[in-house]
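Look at TrEMBL and you will find 143-160, 172-192, 204-225, 232-252, 258-277, 289-309, 329-347 tagged as transmembrane segment.
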Amino acid sequence: MFTAGSAQPLSPRCAFMSPGGPESPAMASASPRCTSVRLPVSVAVILLLMSVTAVQSSQGDKEPVYRDCVKLCVRMNCTGARLRGFESSQPQYMTLTGWTCRDDCKYQCMWTTVGLYQAEGYRVPQFHGKWPFVRVLCFEEPASALASLLNGMACLLMLLRYRSTVPRQSPMYHTINAFSLVSLNAWFWSTVFHTRDTYLTEKMDYFCATAVILYSIYLCCVRTLGLRRPGVSSMVGVLLILAFTSHVSYLTFVSFDYGYNMAANATIGMVNLLWWLCWCWQNRRTLPYWWKCGQVVLLLHGLALLELLDFPPLFWVLDAHAVWHLSTIPVHFLFYSFLIDDSLYLLNTEKLGVKVE
């Protein structure tokens, strides 16, 4: 896990980089040193084509001291020769992840505001809908980015184990492979989003997470109904694609409503939970591995409650969202253990001509 021992909120510096001793908050706000140049033109075009919604605001970024600090920093450092010097001296990894001079001003002024809040004995505020995190290299939320990467690696490892263990002739083989690819894509965008929060990466993170939830319903439908009634699973698949398209279109072109997105995903997740639990209950006497499936769905929904803790990040790195992502890593191993057992069971029953449960 990344550590933040050398980062002090009262001395807002960038990414554990430039040596030279601590600066005062006022000086720090006037001299950013370590982010990136503007986004590539291709990304900018994509953003312009997508309807732009208002940036989510919070107590911290509403503070006059924060706004004045950003204005002063941008005016002094983000034009003319100072901007060119900033762009020429920033590390390549900051350039590649799209950090700009203005972004760096916001980052430094955030810590100036946090320091003032703490000095007055007030609770640490959020900024733009997020807690303040220390930036490690180019990672905005280092613990969440690491946790997302580890989830993706666990998913990939178990997918490879599934492919090496289960023959391609198993009835669920291709459906499970597709589900794994959708999941890997979601963890990739989760890692990217927690590395660099932009309009595009946020939407990709949200939309890909929704795709996983919807595909998990399709996976459940194929396993419980589709093997005996392929037409049913095909019809459900079409409906889920239409639902996903409508969901993404509304959030992109009408209004990116965080409350609606959360309610929609929670509803879909509850349907998925109840469907799998009903199947587990019905097959508890015939399938000795049923408990793995039941435990997975209960764990996933139970661990999601960690998000409700919503505490300021420990050491400015570890918050409730990161804890939630870290807690889901072991679940991949149990889930794929169930998928392997079930796929082998289906293959054997198919060879014996036994009716699939």
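Keep in mind that glycine also has a Cβ here, set from the backbone N, Cα and C atoms.
Please treat TrEMBL annotations as automatic predictions, because they have not gone through curation.
Computed from a predicted structure; not experimentally measured.
Against the transmembrane segment (172-192), the recorded stretches 143-160, 204-225, 232-252, 289-309, 329-347 differ in Cβ pairs under 8 Å, and the greatest number is found for 204-225. In terms of C-beta pairs under 8 Å, the stretch of 143-160, 204-225, 232-252, 289-309, 329-347 lying closest in packing to the transmembrane segment (258-277) is 204-225. Of the candidate ranges 143-160, 232-252, 329-347, 329-347 has the most C-beta pairs within less than 8 angstroms of the transmembrane segment (289-309). When each of 204-225, 232-252, 329-347 is scored by its Cβ pairs under 8 Å to the transmembrane segment (143-160), the top-ranked stretch turns out to be 329-347.
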